[in-house]
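*Asks:* Just passing along the structure, written as structure tokens.
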Amino acid sequence: MTEAALNLPRHIGIIMDGNGRWASQRGMERIEGHAKGMEVARTIVTHLARKHIPYITLYAFSTENWNRDPAEVAFLNAALKSYLEDELPVLMKNNIRFKAIGTLSHFSPELVHRISEAENISKSNTGSTLVLAISYGGQQEIADSCKALARKLLAGQIELDDITPQSLLDNCYLPELAECDFIVRTSGEQRLSNFLTLQSAYTELYFTQTLWPDFTPEEMDVALEDYQQRHRRFGG
């Protein structure tokens, strides 16, 4: 059966929160929490891909994360590189396409190359699409979409009245991503933290106290079952 027949989301976003707290509770370094979180990300993405969820967006590194301790930022950058190297065979095995969104120019040329390489190698995969939001901010995405429209307006390619909510979506980082149906946030925090701001106007939200490194496929299924019971009104 299709995800529509099962009333599953076409696009699910996950705010993977709680890695640092998980590590602190165990007397571990924060970077060890991030390492465990990467393992959980692999498990959850594979689980959702097997459920044929078309789009899975992980909030991996926000624009605000650049303000963290330099050692932690350096680790996160190295971890992203390692993740791409280690995860690509898993993505290929599970027929998952990889895409990245965000201000990628902030990363090193080597990491940008790794991102592009992963996108190119997996571009023909026909299963789920994993979207990694890195150096990403929803407000910045809106600003960049507005700039793209402004350039088209100045070039005479569009008229002023062509600028609509849909045109903003059409000029975002990954237009095919469209709007997000369901966002799951771990760790007990109940906010979106600048995640998919443009795509979340009518998103269903699910918050759990579970820290991301403790999040399991079974709890993901509980969240999906909760989503299946909801009647979406889209403002109506």
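Every residue gets a Cβ built from N, Cα and C, even glycine.
What TrEMBL shows for this protein is this:
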{"type": "ACT_SITE", "residues": "D17", "note": "active site"}
{"type": "BINDING", "residues": "D17, E204", "note": "Mg(2+) binding site"}
{"type": "BINDING", "residues": "18-22, R30, H34, 62-64, W66, R68, R185, 191-193", "note": "substrate binding site"}
{"type": "ACT_SITE", "residues": "N65", "note": "active site, proton acceptor"}
*Asks:* If you count other Cβ atoms within 10 Å of each one's Cβ, which of the binding-site residues G18, G20 has the most?
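*Replies:* Result for the most crowded candidate: G18.
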*Asks:* Quick one: Cα separation, R185 (substrate binding site) versus E204 (Mg(2+) binding site), in Å?
*Replies:* 11
*Asks:* I'd like to know which of the binding-site residues W22, W66 has the most other Cβ atoms within 10 Å of its Cβ.
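*Replies:* When each Cβ's neighbours within 10 Å are tallied, W22 leads.
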*Asks:* G18 (substrate binding site) to N65 (active site, proton acceptor): how many Å between their Cα atoms?
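*Replies:* Approximately 14 Å lies between the Cα of G18 (substrate binding site) and that of N65 (active site, proton acceptor).
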*Asks:* Can you tell me the CA-to-CA distance separating L192 (substrate binding site) and N65 (active site, proton acceptor), as a whole number of Å?
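*Replies:* Approximately 15 Å lies between the Cα of L192 (substrate binding site) and that of N65 (active site, proton acceptor).
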